[in-house]
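Quick look at what TrEMBL annotates:
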- B:1-31: region 'Disordered' (REGION)
- B:1-10: compositional bias 'Low complexity' (COMPBIAS)
- B:19-28: compositional bias 'Low complexity' (COMPBIAS)
- B:43-72: transmembrane segment (TRANSMEM)
- B:105-319: domain 'ABC transmembrane type-1' (DOMAIN)
- B:109-130: transmembrane segment (TRANSMEM)
- B:142-162: transmembrane segment (TRANSMEM)
- B:193-214: transmembrane segment (TRANSMEM)
- B:296-319: transmembrane segment (TRANSMEM)
Amino acid sequence: MSTTVATGALKKRTPVRPARVLLHVFLAGAALAWLAPLLWALYAAMRPYGETSEKGYVSWPDKLSFDNFTNAFTQSEMTHYFVNTLIIAVPAVLLTLFLSSMVAFYVSRFDFRVNLFLLLVFTAGNLLPQQVIITPLYRLYLLIDLPGITMSGKLYDSALGLVLIHVAFQSGFCAFVLSNYMRSLPHELTEAALVDGASVWRLYWQIVLPLCKPAMAALATLLSIWIYNDFFWALVLISTGENMPITSALNNLSGQYFTDPNLVAAGALLTAIPTLVVYFALQRQFVSGLTLGANKG
Amino acid sequence: MTTSPTKSPEAPAPPPGSTPAAAKAATKVPQGHKRLLTPRDRLTLGLMAGLPTFLHVALVWVTALASILLAFTTWDGIGFDSIKWVGLHNFSELFTNNPQFWPAVEHNIVWFVVLILIPTPLGLFLAVQLDKQIRFSRVYQTAFFLPVVMSLAVIGFVWQLIYNPDTGLINSIIGANEPGRYIDWIGDPDLNLWAILIAASWRHTGYMMILYLAGLKSVDPSLREASALDGANEWQTFKNVIFPTLRPTNTVVLVVTIIEALRAFDLVFVFNKGAEGTELLSILVTNNIIGESSRIGYGSAIAVVLLVISLAVIIPYLIATFRKERRA
């Protein structure tokens, strides 16, 4: 589709260059091929199970509908799992940005000697595979008793536990990006305020932080998607299926509720929708965040 | 490196008033604002730096250290009394007596080799094409990048619709979905790793494309013009002029790809839980926690192998990065 539009538009502007047309044909073809798995999932999700089991999946549809989507959504009470994710992701994103901006503020403004070492520790920790720390972490979470604070009475199997590990793990990356950003702010700015008797906290909260909005927005977008997409932490650190965030719950749901592949496809696509919405709405932030700290694994 | 906000065109614009002169002034005062601080300010600062560091170190580095210590013990997880020092026993058991260990190491290596040989150059190729100021560049970019935004768990489910031996797209098309003619893309140990790697490459290509696009945008356009004036064709320009200037991006890409290969987990777990043919180090560690047999010391020994490989990549890379930034 895009090819015809592309060549048509090109004709109006400049004489057609065969190389350009070929490039557009190639790119449109490749882009379509890239979307094909998703389109196939969408196609399967829109067909009734009865029809596909009778005619096979590679067949012309008699009926296309969103029934599978509504069924997947209601049968498995997906709302519940979306709320679980929200309970984990919102505090985790806010807390990560808050804590990492404080570290970044400190290393970029005050102590240039520990700066390097601290950043090294934070960034290296963020690059480790999660499985390196999971065994002791799992034991630690089982050991920590929090009666009355979490539903499980422990850090294990609680939203709090997931928030903490997300914050600890992701703050490395954010501290690195934010400290680079803050170092580009003029030194005189904060120096003058200090001479005028402003407290360090005011310096951070009222002067430096507002100037970091673009970087914070990019990081918030990136973090939201990463934390939403997390599969591993919840898989190991949550034992009750009911407490799982949506991405990890999908694995259980596909066995329990989603009995046919069409329903599984619908469930998987429903899970992807929030990330896609965030991505389309904030594409610029997402991409700039990713390339801003390209050292992220 | 695209980490410096002032250099990268993709990065948010630096706030007004940020000038090179200001940055220079900052480096001249190595003590920062310290001399102006009141005791209360010092306390605030200590908390600001200390609290996040404590959380990060406690949950990431102390646990990593605990992994190393536990790797030399056996423990049933009930009470600290039952921790027994066994020296290198877990490791010798792992290296000589575990039928899954060496295949897992091999699969992690294969994972890296495939990612660096196929989707990485493909991502670079797409980035070069999309960097030519063509129309609809953003539309194409969005399509290629879409898989990177989705969770690997969702990607696993989407690709199962393609690989499922009974109902999947491939077998339906080639007619291999009848008994007797089955091609089991997910179960067959000779096929499943490659099937999963296609899905992983599908995602990795978009990621690499975005990293290279950012790198290409920071290439000085006059280099290209000079090369064109010298009569170099497109390929010669790329090979001799553009690619060498992409060196910082290549380093990032290499590290990201190694880390991705070591981190690979979600996709495999969703596909077949790491059954025969798709064992990975990450899967073996996890199976020792949530599997039927919880072998803490043994699982930690596998984690240590993973840790050593990771740090061997991470530390030199970060030291080089930070050293460069300090000079800059």
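Each Cβ is built from the backbone N, Cα and C atoms, and glycine gets one as well.
Most Cβ pairs within less than 8 Å of the transmembrane segment (B:109-130), among stretches B:43-72, B:142-162, B:193-214, B:296-319, belong to B:193-214. When Cβ distances are compared across the two stretches, the transmembrane segment (B:142-162) makes no contact with the transmembrane segment (B:43-72), since fewer than 3 pairs at least 6 residues apart fall below 8 angstroms. When Cβ-Cβ distances below 8 Å are used as the criterion, the transmembrane segment (B:43-72) is approached by residues 37, 83, 85-88, 90-91, 296-297, 300-301, 303-304, 307 of the same chain, each at least six residues removed from its ends.
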